[in-house]
Amino acid sequence: MMGSPPAPPARRLGALAVFLLALFLAAPWGVDCGYNVASVAGSKNRLRARLELAGGGGGAAPELGPDVRRLSLTASLETDSRLHVRITDADHPRWEVPQDVIPRPSPDSFLAATRPGGGRVLSTATSDLTFAIHTSPFRFTVTRRSTGDVLFDTTPNLVFKDRYLELTSSLPPPGRASLYGLGEQTKRTFRLQRNDTFTLWNSDIAAGNVDLNLYGSHPFYMDVRSGGGGGGGAAHGVLLLNSNGMDVIYGGSYVTYKVIGGVLDFYFFAGPSPLAVVDQYTQLIGRPAPMPYWSFGFHQCRYGYKNVADLEGVVAGYAKARIPLEVMWTDIDYMDAYKDFTLDPVNFPADRMRPFVDRLHRNGQKFVVIIDPGINVNTTYGTFVRGMKQDIFLKWNGSNYLGVVWPGNVYFPDFLNPRAAEFWAREIAAFRRTLPVDGLWVDMNEISNFVDPPPLNAIDDPPYRINNSGVRRPINNKTVPASAVHYGGVAEYDAHNLFGFLEARATHDALLRDTGRRPFVLSRSTFVGSGRYTAHWTGDNAATWEDLHYSINTMLSFGLFGIPMIGADICGFGGNTTEELCSRWIQLGAFYPFSRDHSAIGTVRRELYLWESVARSARKALGLRYRLLPYLYTLMYEAHTTGAPIARPLFFSYPGDVETYGIDRQFLLGRGVLVSPVLEPGATTVTAYFPAGRWFSLYDFSLAVATKTGKRVTLPAPADTVNVHVAGGNILTLQQPALTSSRVRQSVVHLLVALADDGTATGDLFLDDGESPEMAGPRSRWSQIKFSGATESGGGVVRVRSHVVHDSYAPSRTMAIGKVVLMGLRSAAPPKGFAVYANGVQVNASTAVGGAAGSPEKGALGVAHVSGLTLVVGQEFDLKVVMTY
């Protein structure tokens, strides 16, 4: 039947394969295959075509419903780096992702200049993407103009029915194309593996399950090509903007989309670098929201805290152990009978909770609580009564849909209804008057439902069953019925995958309105563009060594999806962790963008101070994280303005190194901080891959690896240590470790200058108050400083300069750089000393040299610590360090 994967096209291995592929694409397809092009109108960058069902017969796979007989295709080069191709019913409107979810140009706005009989190729001198339509049978290709590399090459067997759409694109031979993305799933590898099906239907399935559809839907992939006509490391992106359920089948030499509704709305992003792809992608879907500075600290949570005294004991335990604790969280335990916007009057009464939160705030700490979408059906519950009065709940069969979640019977707000967002905002504001929480965690928003609603009509059980839960369960399983009706008559069938996005947006906007400060929202369910409003965590993982590794894969995937504030439950959520696993997990988790310890009720407690070995690891790893806070926050600025992930795969910085394409046991923070964690029990070493260049330890600043080509190195990994290195060519801004970020921000600044092999280095620093709603906006105060370093006079002189790009944040004018660490110095002979000049004036700075012993480079001088400086961050400076002989 047509629902099966098509036979993959020939793999282009040699002239015979090319010839056979040409025959395949030129074959006279019968009535059961695809469409023909009836007419074309176009200009050089816009095209419109009418497609008609081939042969006039009954079409393909009649068991899936009748084919739509006439289709409309629009293609437009919307920017120099973005191509939009949309295929829909020519005669009847169909559901599409709403404009207010992803604001985007209408295809019609690009088609005014088209003319009948226009060309069948879109190509401009400024765009690297070329679109070509082939007429009989219909198919289309997307090509990189600069190299001729075919990026997307559809086969002629397009299927378009009311509730089943299928399209296949061939791919280069396995080994040339490396694909990443298509989530949300827990995957064993970051790079997608062939012969796998990626199902997109938001579901409450624990993240400890591998290869199943989880909480979010992101029909986007990045393709990085190696060798061939495209050149090494050229990347592009493909988005199918569709909120309906789907299976995406990656067969190695092809990718097939099987979608149960909506339209085929494709966007192609030219890259060619991986960073350029995410820049172009987030230009369309929206830039990631700026996160408050404090959210980059360490967070502690547990499902199962018993009362306020339990919370107080945890906070005290961290303080006594001298382990940073930025944010305390509570799960649903704090609620009165699990009802949103309430406090348990016995265990978490307001007269105990308010002083507890006030004490956190006085100590520079924050408090976050969970809320769920289900509103308990209870006429004595004010939130329910107000929701009923405003008529904002999801409908089914003419009435409010009745589900069951933690508080029992519930109704669910319909966030497509404008009144629902207003209702939500008022409830949040009223709750914050009782308890001034600093952020909100929105959970169970797939929507999760403890009962399976029976099918009401055909859309509850469509003719094609996607691979829901890995066993093709009905789409109503553990959620609300697909036949439920949203505001405006929208079926849940179409809007299901949007619920988490819409709730996160409403929560973000409510916090912004109530506090006037930058919101912090953590959402379990996400969709394309959710990063504009929310952070995400990987969900209910398991306390296993496998999940420790898999957390890196999910973290890197969400960086591609435009949600850079991402992390996993440290030490594992489900099941009992072990001391060794927890120790190694905090070593990794300290470098997640979002770093939180969280565990399930009934499992062994795992606060980081409970085992001394874990506490040692936590102090060491979190101590380094807190020193790196200025760097992490600057990466947040980069993410907010360009879409760049905070945590990145190695190929983002080294796209020409094919060895990096399969690496998912290490990752980069930004462009040059490499984290190489231990991921197996009993290990005392770790084998890490180092791309070409110089790599310095971030613990003692010594040169650890110097290589002209990438190589694997076995490193010591003592029980309390995670290997973290910085690549030569980077300048990092550090501050002094403390137990809260507010204390860190008051400390002196250090510059780490890691010189590349050519003696140069660069870096950036972004500063603001960490909580203004805008980050680098016209109404906010902020400073941006660029640093550069270079050796002169054969290496005997090192110059470090700053350039103030923007300076309206007053504290930058008083922040002092007290030390500059120069890493990677070389000298033919040891110098007698150093002379230090600031802005041309010699200063009385102290200089110490060390770290040359055991260096992998000849002539290595090691590390020079230049202390006693008083350089002002917000004022440009020119620091010159001269070796004297």
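Keep in mind that glycine also has a Cβ here, set from the backbone N, Cα and C atoms.
What you are looking at is a predicted structure, and each value in this text was computed from that prediction instead of being measured.
If you check Swiss-Prot, you get these features:
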type	residues	note
SIGNAL	1-33	signal peptide
CARBOHYD	N195	N-linked glycosylation site
CARBOHYD	N378	N-linked glycosylation site
CARBOHYD	N397	N-linked glycosylation site
ACT_SITE	D443	active site
ACT_SITE	E446	active site
CARBOHYD	N467	N-linked glycosylation site
CARBOHYD	N477	N-linked glycosylation site
ACT_SITE	D540	active site, proton donor
CARBOHYD	N576	N-linked glycosylation site
CARBOHYD	N844	N-linked glycosylation site
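Taking the features listed in Swiss-Prot, we show where each one sits on the structure.
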residue: N195; record: N-linked glycosylation site; DSSP (3 states): coil
residue: N378; record: N-linked glycosylation site; DSSP (3 states): coil
residue: N397; record: N-linked glycosylation site; DSSP (3 states): coil
residue: D443; record: active site; DSSP (3 states): coil
residue: N467; record: N-linked glycosylation site; DSSP (3 states): coil
residue: N477; record: N-linked glycosylation site; DSSP (3 states): coil
residue: D540; record: active site, proton donor; DSSP (3 states): coil
residue: N576; record: N-linked glycosylation site; DSSP (3 states): coil
residue: N844; record: N-linked glycosylation site; DSSP (3 states): coil
The number of other Cβ atoms within 10 Å of the Cβ of N477 (N-linked glycosylation site), counted over all protein chains shown, is 16
Lowest 10 Å Cβ neighbour count of the glycosylation sites N378, N467, N844 is held by N844
Its Cβ having more other Cβ atoms within 10 Å than any other among the glycosylation sites N195, N576, the winner is N576
Cα-Cα, N467 (N-linked glycosylation site) versus E446 (active site), nearest Å, comes out at 17
Densest Cβ environment (other Cβ within 10 Å) across the active-site residues D443, D540 belongs to D443
Neighbour count check, CB within 10 A, over recorded positions N397, E446; minimum at N397
Argmin Cα dist to the residue listed as 'active site, proton donor' over the recorded positions N378, D443, E446 returns D443
